[in-house]
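*Asks:* As listed in TrEMBL for this protein:
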BINDING   K12, L13, S14, G15, G55, R59, T162, N163, Y168, D171  ATP binding site
REGION    20-25  region 'Involved in allosteric activation by GTP'
BINDING   G54, D74, T135, G136, N137, P138, Y139, F140, T141, T142  UMP binding site
Amino acid sequence: MTEAVYGRVIVKLSGEALAGSAGFGVDQSIVEAIAADIVAAHRMGVELGIVVGGGNIFRGVEVSGRGVSRPTGDTMGMLATVMNSLVLEAAITRNGAPASTLSAVPLPTVCDHFSRQRALDLIAGGRVVILAGGTGNPYFTTDTTAVLRAAELDCQAVLKATNVDGVYSADPKQDKSAVRYDRLSPREAMERNLKVMDTTAFALARENAMPIIVFSIREPGAIEAVLRGKGRATIVAE
Ligand code: UDP
């Protein structure tokens, strides 16, 4: 059996990944499949932090201007990530791995507040840690959160789950001539304006030499395959 390539990683799931074809809310069958993938990765002995987005419920930039300010819209987005995190925590626990949610937005009656030490203690205790509430600040994204948490929690990579099997020069669903990259640097990703992550996330990854592995979450066992160095993916690294 192949050993895991990484010992500790952050897995970044978009909110849309939980929504399925409905595009909004949570498709429970998809959540169960993703949770089973995460539990399989945990059983390999890999230490896992999970960052989930909120785009299946609210994105600040989309709701702002419709009666709320951008910071308020972003707060709604951050609270949406907490809802998704609680759904995932339940599903991961049900599938057989201990999991805890820590939120960067203080919600004392819901879950513990994020601190680096608390997250490290939970990981050392063998739990999957779900990092909710983004960075806790408006104007950021959960992609940036994923790279930030990976750096501060001494992870070796960010596994960015998407609907396609890597990074392309253009949207492969719309442009048949789109070229797929096996590997590229964060600088190239920023210069070519590739939309897979925002510029802040790529800049942070570059400054901290944090590899980002972009892969499709659609195939069962995708996370485990990437961790064994076998899955089809694009590596964004210097
Ligand atoms: N958000 C924020 N600060 C953060 C992370 C997220 O304000 O540090 C808000 C922002 O409004 C964002 C929303 O939460 O649009 C949901 O996150 P994101 O868009 O990254 O979710 P995804 O696209 O991954 O589902």
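Backbone N, Cα and C define each Cβ position, glycine as well.
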*Asks:* Between Y139, Y168, which of the binding-site residues has its C-beta surrounded by the fewest other C-beta atoms within 10 Å?
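*Replies:* Per-residue Cβ counts within 10 Å for the binding-site residues Y139, Y168 bottom out at Y139.
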*Asks:* Is any of K12, T135, T162 (binding-site residues) within Cβ reach of ligand 1, i.e. under 6 A, and which?
*Replies:* T135
*Asks:* Using a 10 Å radius around its CB, how many other CB atoms surround T135 (UMP binding site)?
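*Replies:* Counting Cβ neighbours of T135 (UMP binding site) within 10 Å gives 19.
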*Asks:* Please list, in sequence order, every residue of the chain apart from G54, D74, T135, G136, N137, P138, Y139, F140, T141, T142 whose Cβ lies within 8 Å of the Cβ centroid of the UMP site.
*Replies:* G60, G77, M78, G134, T144, T145
*Asks:* Just to be sure I understand: of G54, T135, N137, Y139, which binding-site residues have a C-alpha no more than 10 angstroms from the C-alpha of S14 (ATP binding site)?
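*Replies:* Cα within 10 Å of S14 (ATP binding site): G54.
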*Asks:* Measure from the CA atom of T162 (ATP binding site) to the CA atom of T141 (UMP binding site) and give the result in Å, rounded to a whole number.
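*Replies:* Distance (Cα to Cα, whole Å): 15 Å.
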